[in-house]
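Here's the structure we're looking at; comments come further down.
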């Protein structure tokens with residue numbers, strides 16, 4: 001049965017997931033059990049490349065980063081749509097090609113808008 | 001009970017627990033992490049349904065992309081001074097309970113009323129099968145997705161630029 005083969009192949013994935021979960025848990029637990037515990041103020045302070053830490057870590061970042069993140073997500077999704085299109089293009093023919101061209105054109109409008117509005121510039 | 005059913009129960013439990021933790025946990029970064037784990041469990045459910053391509057997309061877009069977007073949103077907002085939402089009134093709680101309950105019952109009626117054929121062919125969820133359906137039968141919906149993404153992009157730019165000007 002092909003279906004049984006499909007699920008039995010995922011046994012390896014499950015083993016990998018279990019190893020991935022077990023590795024940090026086991027190593028951190030063993031580390032906690034083995035290491036000597038001697039905390040003092042200097043040791044507990046935030047590591048900032050060797051100098052004394054100044055200011056707070058939770059500063060507000062500029063909103064321009066957020067637009068870049070959103071653009072990343074949008075074009076990430078565009079790439080996602082390209083994968084099934086690419087493998088089935090042989091059977092779809094011209095209809096599929098035209099559909100994808102229109103789709104990319106629609107998203108290119110968005111890219112052009114953000115270019116026009118100068119959100120891609122850093123200053 | 002078969003191995004698939006056991007895996008389904010484990011993954012569904014992880015998904016439900018992580019989704020509840022998103023509401024229960026106090027620190028926003030813990031909530032984001034819990035949401036990422038929830039998406040992982042749902043990706044596992046997709047693999048169980050033989051929708052391999054959707055599962056990989058779920059990990060790529062939701063765990064990889066959306067979680068980063070949430071972290072960015074946390075970095076952008078000032079949540080040292082703002083405390084969590086104040087205690088709502090009893091009426092508000094009651095109304096929201098009824099709203100959520102009716103939404104849940106509508107969804108349950110819809111899901112239980114669906115007449116799905118039991119698929120036995122192994123490769124229903126490959127990228128090729130999805131591509132043939134998406135760019136063949138559902139090409140209008142696909143172009144609709146494009147317009148939706150364009151609207152999201154332009155909307156985000158308009159709102160974020162307004163925020164940047166106010167800063």
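The count begins at 1 with the first shown residue.
Any Cβ shown, glycine's included, is placed from N, Cα and C.
Predicted automatically and left uncurated, TrEMBL annotations should be read as such.
Annotated features in TrEMBL:
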- B:6-25: transmembrane segment (TRANSMEM)
- B:32-49: transmembrane segment (TRANSMEM)
- B:55-74: transmembrane segment (TRANSMEM)
- B:94-114: transmembrane segment (TRANSMEM)
- B:134-160: transmembrane segment (TRANSMEM)
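Taking every listed stretch (B:6-25, B:32-49, B:94-114, B:134-160) in turn, the largest tally of C-beta pairs under 8 A with the transmembrane segment (B:55-74) is reached by B:32-49. When each of the listed stretches B:6-25, B:94-114, B:134-160 is scored by C-beta pairs under 8 angstroms to the transmembrane segment (B:32-49), B:6-25 comes out highest.
Non-local neighbours of the transmembrane segment (B:134-160) in the same chain are absent; no residue 6+ outside the stretch has a CB under 8 Å from one of its CB atoms.
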